[in-house]
């Protein structure tokens, strides 16, 4: 049996040499990884070469790349990463702001024009190349700057995003008290302008009189501040007057930040084998809490008005450009595109996993969660508006304003308020926690992939994760000072903004579709999953999605507005310079890397281009890309060199 196998392999090798002379090639497994898409053929068979290579690596102690224990581990990790705080605090606000149910029309359209195609592209690319966000671009080495750009973006995200978790953890701890500290005005951080309850509607109608807080005029009421706002600004943030006044350290927040980073470290330190188990809890429990909060919310007075305010269509909004831009931008934010983490998660898949089907299932879960969260949020906001006697538009917030001001204020009005507060903030913490540690996983995967097996050492993953967490923690210290909120907004507005993600997504599509080849990549996907995806994907990568990305990118650029805090504080010029430096640090990786590699190569421009755009294949391609017998399916390739001993390996169906 072994002899016949060897004979067959020798025949296959001879066929390769014959076909090579004709300008065709059958992929041959017998080779060492070369550069620029080349594989150096030796005198032994494909099977023997693969076995010998694997045995040599095993003998040296190099670990094989991890794979998910079960495919559901991958699905849950993607859900945990992509479904995050933006689904709960950004989508519902955008929906009500942009015409209610009408907003779903551009939103669904952009799902199929940009969201799913790039989501699928990143997962499939990681699965095919079996590499993290940097080495995955060995598929077109000239554009490896895309990998470094995504690493810069995800590093910034890992740095500032965790502050939201630290704030949520702080609120969660403070929820364990008989009276919520943000519901009263008798705390050390409250000012004389603090007012617990008042009805603006009565004041506007001139019917207000004496109340529990004394006989105050409407002018005095207009200057009143809610206890939740004072808790947020005076206690949690203890905010200073500007970016140039860092002030003192908030030691309570520093401890919360440290605790959250420790949690993240122990979720990631052992790799996907442990991460894949943890996400079963962190990705599913928030749905349980959302359902509980929805059941509670719809039973409150005013909930129906809030929900109708959320979904009632306003057809005139479809004519506004901002509505379409918001829909497109939200897709790129909520699908976690351009960060490289999806590529890292896909790289741990089995080579033959059906990632095409996975992409559609995950997109449905992501967008479905966003829409479902709107009912939870607006049922509560409707109740709060009813209690205060104001229009819902006065209480509707997005971002941290919803999580740390509007919603805590609403739960403080409910019976058994601490229970609902604790439930909400544990949900917030878990929603953000899995997004955070999967982001760290993606960053560490990209870093470790840069070191070949010969540099492997014991505990290198644990050490790499520790260094990453420690470095981010040191930077985060600037965000737990009195001026920390200004630093946080600077990171949020520039480092991982819509413009950087759109720029990244645009180039990903261009490189795969036009440099590597859309048809070629579709063949590679068919090699993995056993069938060709619908041609719509190829059309999107080639034409539609790049146009959508660049259109929204230019809109953001032309409508750029300087960063402000609460629409009052305007950042100084040097603050904006720092912000633009963070944005450009990722965006310039692509052109700078392109020019550097091109200028360092030899030959004419065409020769340099051909050399630098030839893929560098990994060892796993030798295992899975077995020789084909169908000669018609071969692709013509560049001729070999020196007695036809160098063969260009191309992935073909």
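Any Cβ shown, glycine's included, is placed from N, Cα and C.
Annotated features in TrEMBL:
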| type | residues | note |
| --- | --- | --- |
| TRANSMEM | 74-92 | transmembrane segment |
| BINDING | 80, 82, 83, 87, 334, 366, 431, 434, 435 | Na(+) binding site |
| TRANSMEM | 104-125 | transmembrane segment |
| TRANSMEM | 146-173 | transmembrane segment |
| DISULFID | 185-194 | disulfide bond |
| TRANSMEM | 248-268 | transmembrane segment |
| TRANSMEM | 280-304 | transmembrane segment |
| TRANSMEM | 324-348 | transmembrane segment |
| TRANSMEM | 360-385 | transmembrane segment |
| TRANSMEM | 419-451 | transmembrane segment |
| TRANSMEM | 463-481 | transmembrane segment |
| TRANSMEM | 501-518 | transmembrane segment |
| TRANSMEM | 539-557 | transmembrane segment |
| TRANSMEM | 577-596 | transmembrane segment |
For residue 185 (disulfide bond): intrachain residues, at least 6 apart, with Cβ closer than 8 Å: 194, 195, 196, 227, 230
Cβ within 8 Å of the mean position of the Cβ atoms of 80, 82, 83, 87, 334, 366, 431, 434, 435: remaining residues of the chain near Na(+): 79, 81, 84, 85, 86, 283, 336, 369
Positions on the same chain near the transmembrane segment (419-451), where near means CB under 8 A and six or more residues out: 77, 80-85, 87-88, 131-135, 147, 150-151, 154-155, 157-158, 161-162, 164-165, 168-169, 171-172, 175-176, 180, 260, 263-264, 267-268, 271-272, 275, 278-279, 281-283, 285-286, 289-290, 292-293, 296, 336, 339-345, 347, 403, 407-408, 411-412, 460-461, 464-465, 468-469
Proximity verdict for the transmembrane segment (577-596) and the transmembrane segment (146-173), three or more C-beta pairs under 8 Å: yes
Among 83, 194, 431 [recorded positions], residue with fewest other Cβ within 10 Å: 194
Residue numbers, six or more beyond the limits of the transmembrane segment (280-304), whose CB comes under 8 Å of its CB atoms: 76-77, 79-80, 83, 369, 372-373, 375-376, 379-380, 382-387, 414, 420, 423-424, 426-427, 430-431, 433-434
Stretch of maximal Cβ-Cβ contact with the transmembrane segment (360-385) [cut-off: under 8 Å; candidates 104-125, 463-481, 501-518]: 104-125
Maximum Cβ pairs under 8 Å to the transmembrane segment (146-173) - stretch from the list 74-92, 104-125, 324-348, 539-557: 324-348
Nonlocal residues around residue 435 (Na(+) binding site), in sequence order (Cβ under 8 Å, 6 or more apart): 80, 81, 82, 83, 84, 85, 161, 336
Considering the transmembrane segment (74-92), which listed stretch of 104-125, 324-348, 539-557 counts the most C-beta pairs under 8 Å: 324-348
Distant-in-sequence neighbours of the transmembrane segment (501-518), which means Cβ under 8 A and at least six residues beyond its ends: 114, 117-118, 121-122, 125, 137, 139-140, 142-143, 146, 149-150, 153, 329, 332-333, 337-339, 538, 540-542, 545-546, 549-550, 552-553, 556, 586-587, 590, 613, 615
Folded-back contacts onto the transmembrane segment (539-557), same chain, C-beta under 8 angstroms, at least six residues removed: 110, 113-114, 117-118, 121, 321, 325, 328-329, 332, 497-499, 502-503, 505-506, 509-510, 512-514, 518, 521
Cβ neighbours of residue 80 (Na(+) binding site) where a neighbour is any other Cβ within 10 Å: 27
